[in-house]
Amino acid sequence: MYDFQGALKDIKNKGLYREFRNVNAAQGPYTVIDGRKMLMMSSNNYLGLCDDIRLKRAAIESIRKFGVGAGGSRLTCGNFELHRELEERLAKFKDVESCIVFGSGYAANIGAISGIADKNWVIFCDRLNHASIVDGIRLSGAKLVVYKHCDMEDLESKIVRYHTGKSLIVTDGVFSMDGDVAPVDRIVKLAKKYNLMTMVDDAHATGILGEKGRGTSEYFGLKDAVDISMGTLSKAFGVEGGFVAGKRKLVDFLRHKAKSFIYSTAPPPHNMAAALEALNIIETEPQARKELAEKSVWLRNRLIEKGFNVPKGVTPIIPLMVGDVNTAVEFSMLLYNEGIYIPAIRPPTVPKGTSRLRISIMASHSYEDMEFALKNLVRFGRKLGIIP
């Protein structure tokens, strides 16, 4: 029998053991964790919609009409009108022909990749892509070729070496733990040069990047350039779910081939209703997106000025690099004791030796909130010798 206890002991000895914190209130700039009021500085609730009254009303009205569950998969009895409406709206929002909604972003990635590719494919994958992308490739049986993070020279050399008739380049649009934006324009150029398909995971870009919040394609001014565009409803949208958007024939194919779609109970109607309301807000209230960008730049620049190892960037994900696992955990705990919630991110989520605090900004954070966080980050950063 497998030695679970021994494996857990090894995890603890490496400083990698995780314990759950219990959230006792809605997520906003402040929440309640284990009974304590905390400044939330690590949520993916970028536009502050998780607790928006309009989304809650939409969900409640849907529950009154449709109940709390879908009752079956989309291909049996669980296909509600709200699913169709959201898919049509998302396709229009992403400026593509069609869209398919999954229960989560993870399900969208593994379903799309394993549904499209098989052992005859070669898939080129950025080294820092999300785990769901890597799992989807492994599930498909395709040959996995990893290229250096955002390194187009390395990608091209590997395309020349490994490219076959059926090949795909897949990348995060915004990398979830680093906050940097993939050079999607250059990836598309390489794909056209060598006749490959492209897939972009825009989980952390949808609703955030681009003039209308459509994601990395809009950010780079690309039209009909990315073959497969994935997004989530659980970040800027503040709800739950994932989707894949693209050509009508692609989406129709995935309805018949994506196992995580076929064999899962459909997302509950109230999630779709809340997501539709979130989309209304994203399309009609660009000010929140503008404020998010301004606040993200403000805090990032202040941290750099104070001497922290923080890369430049344009997204609300701000990685404060620490390196050592135990130091990152201690830093996080010192902040927690002061009422600031920023968990330490450790391997295997990030590569060994790159443990960090993943700070993320919400449009609903005030500058006073960020000043309070900054003051304590500097205070404890100096105490731990992270900054002079």
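Our numbering is plain: 1 for the first residue shown, then up by one each step along the chain.
Using the three backbone atoms N, Cα and C, a Cβ is placed for every residue, glycine included.
The Cβ of THR349 (substrate binding site) lies under 8 Å from the Cβ of MET177, each of which sits 6+ residues away along the same chain. Under the heading substrate binding site, Swiss-Prot lists ARG18, HIS130, THR349.
Long-range Cβ neighbours of SER176 (pyridoxal 5'-phosphate binding site) (same chain, at least 6 residues apart, Cβ-Cβ under 8 Å): HIS130, ALA203, HIS204, ILE317. Under the heading pyridoxal 5'-phosphate binding site, Swiss-Prot lists GLY105, TYR106, SER176, ASP201, ASP202, ALA203, HIS204, THR232, LEU233, SER234, LYS235, citing similarity to another entry as support.
Taking the Cβ of LYS235 (pyridoxal 5'-phosphate binding site) as reference, residues of its chain lying under 8 Å away and at least six apart in sequence are, in sequence order, ASN44, ASN45, TYR46, ALA203, HIS204, THR206, GLY207. According to Swiss-Prot, the feature N6-(pyridoxal phosphate)lysine maps to LYS235, an assignment based on similarity to another entry.
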C-alpha spacing of ARG18 (substrate binding site) relative to ASP202 (pyridoxal 5'-phosphate binding site), in angstrom: 27
Among the substrate-binding set ARG18, HIS130, THR349, as the record gives it, the longest Cα-Cα distance in Å: 19
Number of other Cβ atoms within 10 Å of the Cβ of GLY105 (pyridoxal 5'-phosphate binding site) across all protein chains: 26
Inter-residue Cα distance where the pair is ARG18 (substrate binding site) and GLY105 (pyridoxal 5'-phosphate binding site), in Å: 22
